[in-house]
C-alpha cells in the first residue's frame, strides 16, 4: 500500500544510513544505475553531487525572487509617484513633481523588501515548511541525519521484492545500516 | 594551543587539528542544551539587565516629560539620540558585511564567526531602530511615516532623505532578521534532534519549522541563502549610504558633502568589525571554541579593521581638506571650530581612536595579542560613537546664522539613554548566547569535510 504524504513521496521503504558522505554518494550512484528512481537523501549538510544524481534544481526560486523584485520596484515607485504627483502634489519653487531620482532609494529598498519576503515564503512553500511533524521523523535513527549520518531513503517499489538487490548494492557493515521504514 | 604559532601553515588554519564534525556538533549544541549556565553568564546578564532597566527608566521618563529632559535645543535638535542611532546601525552593518559579503567571496574563515556577527547585527539593529522613534518629540505619531490611507489626506514626504532612511531601516530590520533565521534553521533542527528535555524539544521543534535536511530542503536552502547574501551585501551598503544622506541632504556646513555615503559605510564597517572582535575574543575562551575560532580568524578580523580604519582616515582627511579647497567661509568656520574649538578634544579623540591607534595592527605580534586587540577594538567602538557625536553636534553648533550659535551639553538622561541602549544590546546578546548555537554547526561540518577532502588542514 502506498501512503502519499505531504512531502510528495510514499514513506514506505528502506532507510540506509552511512557514516561518510562519500560512501553515501557512491551508493546513491549505484542505486540510480540499478534503476531506483524514487530516492531521497537526508544529510547534516548539503552534499555536493546529490542534486545532480536526484535531478534537484531550485529553478523556481530565483525566478520568483526576480519577479518579486520587479513587482516591488514598480509598486514602490508607483506608490511614491501616486503620493507626490497625483494625490498630493506640492509645488516647491516649480520643481518637477515626478522627481524620480529622489524616489530611487526607496524604490530599491522596497524591491529588496519584497524579495526578502517573497523569497522566504517561496522557500517555505517549496520545502513544505512549517511542517512540524512528518512520518519520516519516526524512522529509526532519523535524528542522526541532522548531526553526523547520511541517509538514503529508498521507496518500496510496487510488486517488487528489492531486499536482496539492496543487500547487494548496499552491503551492510562499513558504517552502513539498512532499516525498514513503516508507512 | 600555543600563543605564538610556529609555521605559516599554523597561522592559516581555520580549524585546529582534532576537531571533527561530530565533536563540533556535540560541543556547540551542548553549550545550549546541556551545559549548566556558567557564573560569568549570570554576572554578565545581571549587569546587562540592570543597564536595560536604566534604559526603561530613561525612556519612560522621556515619554512622560518629553525631549526637554535631554540637552538638545535649537539649533542642536539632533543630539545623542541621532548619534546613538547612527552608531548602532553602523555596528550592525559590520555584522552583515561579514556574514553576507564574505559568504559571496566564499571565505573559509567566515563559517565560524558568521553566527556571532549576525546575532550581533540583530540586536544592534533593535537598538538603532528605537533611537529615531524616541527622538521624535511626539513619538506616538511615528506611524505617520507609513504611507497609510488617512482622513487628513496627507502623505509622507518621499523626497526627504529622512524618509528614505525610515524605509531603509525598516527593510534592514526585516532583512537581518530573516537572513539570521534562515541561516539558523538547520542548526535549530540539530538542537531539536539532540534535545532531551521536553521544553527544549518543543521550543526547538517549533523554531526549526520541521526542517528535515532532505536533498530538496538543502537544494532550496542553498539557493535562498545565496540569493539573500547577494541581496544583503548591497543592501547593507545602501542602508548606511542613506544614513549618510540624512546629513548630506541638509545644507548645514560640514554635512553637505558628496563623500558622506561612502564615509559612513567605511565607518560602519570599522565599528562593526571592532564589535565582532570584542565579542569573538572573549567568547572563544568562554565557550571553549578555540578549536574552530582560531588565530586565523582573529588575524583576518584585525586586518579588516585596519583596512576599514585606513579607508576612514582618508575620509577624515578629505573632510578637512575640502572646505579649504572650496573656500566656503561657513565650512571653514565649522572645520576650524572642530580642530581648535569647544569640541576639539572630542574631534582629536576620534582621530586617535579610529585613525591612529589601529595602525599598530600592522605588526603581526600586536595583531595576535588578544588583550591588546580587544582594547584597540574597544577604542574603535568608543571612537566611532565620538565620531557620530562630533558629526551631529559639531556642525549644528556653528550653522549659517551666527546669532544661533550654541553649545550642546548632554544631561544625565542623555547618558542614561546611551548606557541603557548598551544594556538592551547586551541583554539580547546574553539571551542569544544561552538559547542559540553561537557557531553555525552545519557550515562547519561542511567546511571540515572540504578541508579533509583537500588533504589535511
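Cβ atoms are placed via backbone N, Cα and C, with glycine included.
Please treat TrEMBL annotations as automatic predictions, because they have not gone through curation.
If you look up TrEMBL, you'll see B:39-64 (among others) marked as transmembrane segment. Within its own chain, the transmembrane segment (B:39-64) has Cβ neighbours under 8 Å at 70, 130, 134, 139, 286, 413, 416-417, 419-424, 426-427, 429-431, 433-434, counting only residues six or more beyond its boundaries.
Within the chain carrying the transmembrane segment (B:76-104), a Cβ under 8 angstroms from the stretch's Cβ atoms is held by residues 70, 110, 113-114, 117-122, 124-125, 127-128, 131-132, 134-135, 169, 172, 176, 179, 183, 225-226, 228-230, 232-233, 235-236, 239-240, 243, 264-265, 267-276, 381, 384-385, 388-389, 391-393, 396-397, 406, 408, 410, 414-415, 417-418, 421, 425, all 6 or more beyond its ends. Marked as transmembrane segment by TrEMBL: B:76-104 (among others).
Feature annotation from TrEMBL assigns transmembrane segment to B:116-146 (among others). Note on the transmembrane segment (B:116-146): residues 59, 62-63, 66-67, 78, 81-82, 84-85, 88-89, 91-96, 98-99, 154, 156, 163, 165-166, 169, 172-173, 176-177, 179-180, 183, 272, 275-276, 279-280, 283, 417, 421, 424-425, 428-429, 432, 436, 438-439 of its chain, located 6 or more positions outside it, place their CB under 8 angstroms from a CB of the stretch.
The feature transmembrane segment is assigned by TrEMBL to B:166-191 (among others).
TrEMBL lists B:224-243 (among others) with the feature transmembrane segment.
As annotated by TrEMBL, transmembrane segment applies to B:263-283 (among others).
Look at TrEMBL and you will find B:304-325 (among others) tagged as transmembrane segment.
Sequence annotations record features per position, and here TrEMBL assigns transmembrane segment to B:345-365 (among others).
Annotation comment: TrEMBL describes B:372-392 (among others) as transmembrane segment.
Feature annotation from TrEMBL assigns transmembrane segment to B:412-436 (among others). Sequence-distant contacts of the transmembrane segment (B:412-436) (same chain, six or more residues past either end, CB-CB distance under 8 Å): 32, 37, 41, 44-45, 47-59, 61-62, 69-71, 79-81, 84, 88, 115, 119-120, 122-124, 126-127, 130-131, 134, 184, 203, 279, 283, 287, 385.
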Before we move on, state whether the transmembrane segment (B:372-392) and the transmembrane segment (B:263-283) share at least 3 Cβ pairs under 8 Å, counting only pairs 6 or more apart in sequence. yes
Same-chain residues at least 6 beyond the ends of the transmembrane segment (B:304-325) whose Cβ lies under 8 Å from its Cβ atoms: 253-254, 257, 259, 262-263, 266-267, 269-270, 273-274, 277, 331-332, 334-335, 339, 351, 354-355, 358-359, 361-362, 376-377, 380
What else in the chain is close to the transmembrane segment (B:166-191), if you only count residues 6 or more beyond its ends and a Cβ gap under 8 Å? 25, 29, 32-33, 89, 92, 95-96, 99-100, 114-115, 118-119, 121-122, 125-126, 128-129, 132, 145, 156, 200, 204, 207-209, 211-213, 221, 224-225, 228-229, 231-232, 235-236, 238-239, 242-243, 436-437, 440-442
